[in-house]
Amino acid sequence: MVTMSAETIAAAITENRRVVLVAILLLTAGLGAGATAIEEDTAMDEFRTESDERETLEYIDEHFATRGGETTTAQVVVEADGDSGNVLERESLVSVLEFQRALHDDDRVSRTLVDDDPIVSVPSAIATTAIHEDRARELESRAAELNATEAKLAGALERLEADPDAAIEAEFEAVDERTPVELTDDHADTFETAAKRLRRAETESERETAYRQGTRGVLGDEYDALAADRAALDDGLEPSLTAQIDHVESMSDDELAATIERVLGADEGRDELFALMPTAYEPGEPTASGTIVAVVQDTEGEYVAVDSAPASIVTGQQAIAEIGEAELEGSASVFGNGMTADEIESAAPDSLAVVGPLAFAFVLVVLSIAYRDPIDVVVGLVGIVLVLVWTFGTMGWLGIDFALVFVPVPVLLIALSIDYAIHLLMRYREERTDGTLDADAGMAAGLVGVGVALVTVTLTTAVGFLSNVVGPIGPLREFGIVCAIGIVAALAVFGLFVPAVTVSIDDFLETRGIDRRRSALGTGDRLRPVLVVGKRIANRAPLALLVVAVVLSAGGAYGGTQVDTSFDTAAFLPDEPEWTHELPDSVAPRTYTAAPTIETLNEEFVRQDRRAQILVAGDITDSETLQRVDTAGREAATSDTVARLPNDAPAIRSPVTAMESVAATNESFNETFHDADTDGDGVPNSRLAPLYDEFFAADSATAETVIHRTDEGEYEALRLIVTAAGDASNGAVTTETRAAATAVDGDGVTATVTGQGTVLNYQTERAIVETIVTSLLATLAVVGCLLVVVSRRTAGSATLGLVTLIPVLLTLCWVLGTMWLLEIPFNYITGMIASLTIGLGIDYSVHVSERYHRELERGGTIGDALERTVTGTGGALLGSAATTAGGFGILGFAFLPSLQYFGLIAAISIGYALVASVIILPTLLVYWTRFAAPDRGPSGPERASQPPATSTAEDD
């Protein structure tokens, strides 16, 4: 087997540069064509893992569909102006009702609304209650009038029966004159017929029939109309919004205040209305700082989540916001899946419009400072473009969609590309400094000098990111694959294309008398004092340095165990920093409202989108089932993780509470409900199937939210809904709800806890942690083995690979500790920081240790080897780190908090990696040389015998 040496490969690249260039360009064209197939996918649902809880939620979504169809709710937060503002004053109530009417009139909104009760608000409840109460009083008055008229008609019949000569018409007219009921000729005809029948009556039965006809029969139509109006009132038919507006405007201040007290009183108020009021609201008071208008939209079966919604929902919610701004008094903001999905989708291009030019400008400036040559800068930029084309082209060919998790990938690849370019070019310049080598020979020597390090870096970094494939989250697996592809592409482009182009250009110019030799970064006098700090410490205080490093790392490792792993929706909603207001219109972002709105909901209201649910399946008609479900609800209510309504009631909805709400307004069902409660504890415990039947008959829309009835009429499942407190962690909500569910589970029924914004988010958090830990262990194991093998083959010492890994471990500990101190949580974007830290940390460490080993092999002393390493390779690392950290730091200008966090911690990580490589690693390399380096002949012991604490003028 023939093994090609590094010198042979390097020479082949420079001597066959035209072939290399053609091959690279053809490959670019082929791979680049795949980029057109990439589609954008901002949905976070892919980050959720398959589980029983997810299947349970899908079952609930399918069988407990609210109001007959899959729905989504937009919460319109209405806040009064100023501290003294009041959303319950007449003008504000009317504005909300006019807003609701405008929503119905706008086609963009109305076509998305569900059929039954699409808009729920406190002002509408107040107006409806006032109208119903007035209507009830009116019906009572009509009933009293009819009863009085009936009695008068009966008296007239008695007089006619007693006096055969009395005039029938005169008696009827006398009644007509004394009753407010409008009596007509038809009424008179019926009365006359009854009076004549009465006079002819011979039996008691005939008399009773005549009396019935002359009283109730005369007023039959009026009694029927009264019964119909009563039935309509009992059914709770909602008056038109115009009628509601007119009624509120006509009420006196005292009447309005009294109605508010009845609707929102501590004893009489309904929980579903308190859920729309601020948690600080005092029940029954006629003043409130804000309220929520809930707008329920039909999704027509399409998938809806915080980051995904059909166009009709997005358009509808945007229209709701537009109408709210025009119609409502005070301020109004909309929070709904349509708004959040649209804002998340807009955040990436908006961020790119700002971050892209900044990143390009920064990279251009830093490369110009590092290279000090416009030609080299242009070649480097072309190389970066090729790496991105190869990476995203391959993504397209593999059918991988561009998700939010891939936003940092271009920055990462630009960072690695610059790193490769700087190391290659600086080594090339070093080799040509004395003028003895031409461009071909200088590039070949440079490739030999950094080739092993670049290949090692590529292998270890790619493995670091590929370790994500062992995790349970699909997009993170794809992220690891794409990063590995990009890293290999960077090696190919900057190990083949850039050397070939650079040599071709330099040869062309030098044959025409233009000197292309340049000094390498760090070899001059300006940066040397900074770069030799690591060497000086290695000579003067190596043990002290290592002790400090270990102590800091231990603290960082502890902090890493405390890093928050919450999966918070707000972290993925774009914000709008103040500085964006100064941007020109061409790059200024849109106005983002979801993040501040969700903050308001968390602080002042009960969020309706953070719910845990208990699905109870099995024999739900068993007499004990509802009592066990009620027990579970009561146990859940004792937890601090449950939101509390303004009336201090827990925000929990169960079959029992739903039945109670219907029973409060339906006399027939109220009787059935209490008949089923044989022990008087308020919870039905007998004949549950008939009770469920009556529940559906009385109010099917409410029943369908808590009970699943099959098409065959069988009762299959119940659900209990627990709304989580705004400050409760997903883990605590999940744990407490599962504990409550144990009261139901068993004896013929099963209880499963689930929830989109709580339980499933908690599972995602755990999956992220599992991915981080698993990939971290896999990376360290594989990378460690690779470094050991490569070091054994290139340096003759496996221990050098382990020494090279130590700074990476230190950096990782420091980064995790910093995340804890800065309160930066792990999510599916910041969770990638471990892979990034290892990838870039290995990069820097390998370059330093490889250079040091090669300088030792040249026969110099430890001091000489360190001097050349920290000034030559250290200078390249400084330039690379400055560019990379700056590039990632610019992500701090992105509009997504998660990207801001990632950019900040990535920049810090790069700084730590640089410090560990050029400050800590030199000391470790000195100790390795003294105690573990292989014997390299006569010069080996001499080098190894030099103590690290020796300080000479040369060292300084």
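Going from the start of the chain as shown, residues are counted 1 onward.
Cβ from N, Cα, C; glycine included.
Looking just at the coiled coil (129-163), the mean pLDDT is 92. According to TrEMBL, the coiled coil annotation covers 129-163.
Here the transmembrane segment (352-371) has long-range neighbours at 377, 380-381, 411, 414, 418, 422, 425, 518, 521, 580, 583, 587, 589, 879, 882-883, 886-887, 890-891, 893-894, meaning same-chain residues at least 6 beyond its ends whose C-beta is under 8 angstroms from one of its own. Residues or ranges marked as transmembrane segment in TrEMBL: 352-371 (among others).
The domain 'SSD' annotation in TrEMBL covers 378-504 (among others).
The transmembrane segment annotation in TrEMBL covers 378-397 (among others). For the transmembrane segment (378-397), same-chain residues at least 6 beyond its ends with a Cβ under 8 Å from one of its own Cβ atoms are 24, 27-28, 30-38, 363-364, 367, 371, 406, 409-410, 413-414, 417-418, 421, 425, 482, 485-486, 489-490, 492-494, 497-498, 501-502, 505.
Feature annotation from TrEMBL assigns transmembrane segment to 403-422 (among others).
Through the fold, the transmembrane segment (443-467) approaches residues 6-7, 9-11, 13-14, 416, 420, 423-425, 427-431, 437, 479-481, 483-484, 487-488, 490-491, 494-495, 499, 502-503, 774-776, 778-779, 782-783, 786-787, 790, 794, 835, 838-840, 842-843, 846-847, 850-851, 854 of its own chain, all at least 6 residues removed from its boundaries and within a Cβ separation under 8 Å. The transmembrane segment annotation in TrEMBL covers 443-467 (among others).
Positions annotated as transmembrane segment by TrEMBL: 479-509 (among others).
Residues or ranges marked as transmembrane segment by TrEMBL: 543-560 (among others).
Residues or ranges marked as domain 'SSD' in TrEMBL: 768-927 (among others).
The feature transmembrane segment is assigned by TrEMBL to 772-790 (among others).
Away from its own ends, the transmembrane segment (802-822) comes close to residues 549, 552-560, 562-563, 776, 780, 783-784, 787-788, 791, 830, 833-834, 837-838, 841-842, 844-846, 848-849, 904-905, 908-909, 912-913, 916-917, 920-921, 924-925, 928, 932 of its chain (Cβ-Cβ under 8 Å, at least six residues beyond either end). The annotation transmembrane segment is assigned in TrEMBL to 802-822 (among others).
As annotated by TrEMBL, transmembrane segment applies to 828-846 (among others).
For 876-896 (among others), the entry in TrEMBL reads transmembrane segment.
Marked as transmembrane segment by TrEMBL: 902-928 (among others). Only residues 6 or more beyond the boundaries of the transmembrane segment (902-928), in the same chain, are considered here, and those with a CB under 8 A from a CB of the stretch are 408, 411, 415, 531, 533-535, 537-538, 542, 545-546, 549, 797, 799-800, 803-804, 806-808, 810-811, 814-815, 818-819, 822, 824, 829-830, 832-833, 836-837, 840-841, 843-845, 847-849, 852, 862, 866, 869-870, 874, 877-878, 881, 884-886, 888-892, 894, 948.
What TrEMBL lists as region 'Disordered' is 935-956.
Per TrEMBL, the feature compositional bias 'Polar residues' maps to 947-956.
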Would the transmembrane segment (479-509) and the transmembrane segment (828-846) count as touching if the test is at least 3 Cβ pairs under 8 Å, pairs 6 or more apart?
yes
Mind checking which residues reach the transmembrane segment (828-846)? Cβ under 8 Å, same chain, six or more beyond either end.
44, 47, 404-405, 407-408, 412, 415-416, 419, 453, 456-457, 460-461, 464-465, 467-468, 473, 475-476, 479-480, 483, 487, 567, 764, 768, 771-772, 775-776, 779-780, 783, 787, 804-805, 807-808, 811-812, 815-816, 819, 877, 881, 884, 898-899, 901-902, 905-906, 909-910, 912-914, 916-918, 921
